[in-house]
Amino acid sequence: MFHVEQSNKTMFQDKYDVIVVGAGHAGSEAAASAANMGCSTLLVTMNLQTIGQMSCNPAMGGIAKGQIVREIDALGGYSGIVSDKTAIQFKMLNKSKGPAMWSPRVQSDRMRFAEEWRLMLENTPNVDFYQEMVAGLIIENNVIKGIKTSLGIEIKAKTVVLTNGTFLNGLIHIGEKQFGGGRAGESAAYGITEDLVKLGFESGRMKTGTPPRVDGRSLDYTKMREEKGDEKPHKFSYLDSSKPLIHQRSCWMTYTSETVHNLLREGFDRSPMFNGRIQSTGPRYCPSIEDKINRFADKDRHQLFIEPEGWNTVEVYVNGFSTSLPEEVQFKALRSVVGFEKVKFFRPGYAIEYDYFPPTQLKHTLETKLVDGLFFAGQINGTTGYEEAASQGLMAGINAALKVQERDPFVLKRDEAYIGVLIDDLITKGTEEPYRMFTSRAEYRTLLRQDNADERLTPKGFDLGLAAEERLIRMNHKFNEAEKMVSFFRETSISPEEANPVLEIKGSSPMVQSDKMYKVFSRPQIDLEDIVLFDKVKEYIAVNGLDEETVEQAEIQVKYNGYIEKERNNADKLKRLEDVRIPDNYDFDKIKSLSYEAREKFKKIRPVTVSQASRISGVNPSDISILLIYMGR
Ligand code: FAD
């Protein structure tokens, strides 16, 4: 046991503003945001080699997740910059749908991603680092005072952000074998759950899984379909210093087959999923291969995406083949996949069970309701995914800093950001299975697009002292120029001679007299990307030196203005309920006419506005009408 007083004096400052426990995606963003907001920050993690480690697939973004990375970037977080610097392939998913659905995704270089995170953090003033397991928390009278490490060192802090990911009492399963671990090759963390449960926190168990990694040199790519990146790749970060990729690496696609399924079935009796060893709930939308075979028995094949793990490694990730079957069953089955006949393993797939804390125990700031100054972010809150974790880390770091600085909390609303939807869902509805973001979870997804995260959030990030002024200037310039371009379209006429060649190609009826460009571009046959086909538009872009992002913004405003306006109006109407606040410690038992279920849920979740109350499952419109009356409306 260390002599605590002595060691503290030499090793750490007396009291940190913020201690962040864990340096995964949540912890790294939390440390960066708190430090960039001027707080003395200590990042304590079990292994400094694994800062920003991608536990599962080497990719960032994707449907709804890509929007989250853009939002993190717009606020001044690091995930977008790190992702751009370490990408090996870029794709804008859903490009054939409306811009509300466009979702950026990169394939990442796993080792470079972690390296870049560490470099970024090392270059962030106010961040101290320490490698050790945090084994407990110092809490006095329900106020956080600091942490205790496994060596017995006590480190004091005004606030603590817990981002333990899959490590709390983590248990790894491969077939019938099971052993403690937070990730393959890393030990589990013990002590924190027990401390918190003693204080009255409720905890639960969840599980997740990952596929085998294989040697790319042993694969026959000639038998697979090549999946190239976008011809004109975009990027995540709004900063001009972040550059789109010039060269890209391809991914590949192949399929499982009946033979593969039969070989996998041979191991089902030893599968921890099916023999009752794993009881906890896994991510429904990322099922294991054994789960897919079981649930979709009529399907004779499943897609597998073969993803390189980086620029300079032969290791390959077998996306779609997540499994916890015995390693020899995984291997035998994989050898029957087309292109994998000679496959060599780097690492087998596995499943992991871990503790989480139902997130209804949190406030919108991600501070716990039970312990003042203690924040939770990431997988510890029952979410899954790097992006979900990173965004919570950012918000917890911001709010921890604001608390230290005695400033107002920072909460994003559901019509302002996917991050707002994520946190509101978690704390209002809770989650019984690993929560991942989807566009369908956002009621205002036309407002929450990947192209306008800077407009929505950069001014807020700037006011917080997080987003640099450069971001604000860039954002203002882009939207001013886009607005001018839309005005030009509204005010300027286009003649039939100028418009008809394009209208003809697009199958739109020819014009007989001049009309305003805006009206012509609003025709349903003219798609978003067709606007730049008109010579007059090309000329405007050249004369004004506009970049692609600005032009795209103007195009979106022309083609989607109606939808955007409608959604804005709906969101504004709902604000009425958002403004009706429910006093802290309100006695819901006073309202006898509430349904039993609504009253019990209100007492447990303690909504802070009538709007939040209305989103709690089991609460019906009549409960809300009654609540409004009691709130004086
Ligand atoms: P993590 O990335 O897990 O980071 C936790 C950090 O905390 C680590 O640095 C760890 O060392 C540190 N730490 C933990 N406890 C302590 C302690 N007591 N003291 C000091 N440091 C501590 N996501 C998906 O979206 N889809 C998937 O299919 C998927 N599959 C997964 C499969 C596996 C096997 C695993 C492990 C994860 C999977 N994930 C998946 C989840 C994804 O990895 C996480 O959602 C994401 O990494 C969570 O980020 P986080 O920051 O919350 O935690």
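Each Cβ is built from the backbone N, Cα and C atoms, and glycine gets one as well.
Since we're looking at a predicted model, the values are computed, not measured.
Positions annotated as FAD binding site by TrEMBL: Gly22, Ala23, Gly24, His25, Ala26, Gly27. In the three-state DSSP scheme, Gly27 (FAD binding site) is classed as helix.
The feature NAD(+) binding site is assigned by TrEMBL to 282-296. Lys292 (NAD(+) binding site) carries a helical DSSP state (H, G or I). Annotation for Lys292 (NAD(+) binding site): same-chain Cβ neighbours under 8 Å, separated by at least 6 residues, are Lys299, His302.
DSSP classifies Gly282 (NAD(+) binding site) as coil under the three-state reduction. Within the group of binding-site residues (His25, Arg284), the Cβ with the highest number of other Cβ atoms inside 10 Å belongs to His25.
Around Phe296 (NAD(+) binding site), the C-beta neighbours below 8 angstroms that are at least 6 residues distant in the chain are His302.
The 10 Å shell around the Cβ of Gly24 (FAD binding site) contains 31 further Cβ atoms across the protein chains shown.
A separation of roughly 23 Å, to the nearest angstrom, links the Cα atoms of Gly27 (FAD binding site) and Gly282 (NAD(+) binding site). Gly282 (NAD(+) binding site) and Ala26 (FAD binding site) have their C-alpha atoms 20 Å apart, to the nearest angstrom.
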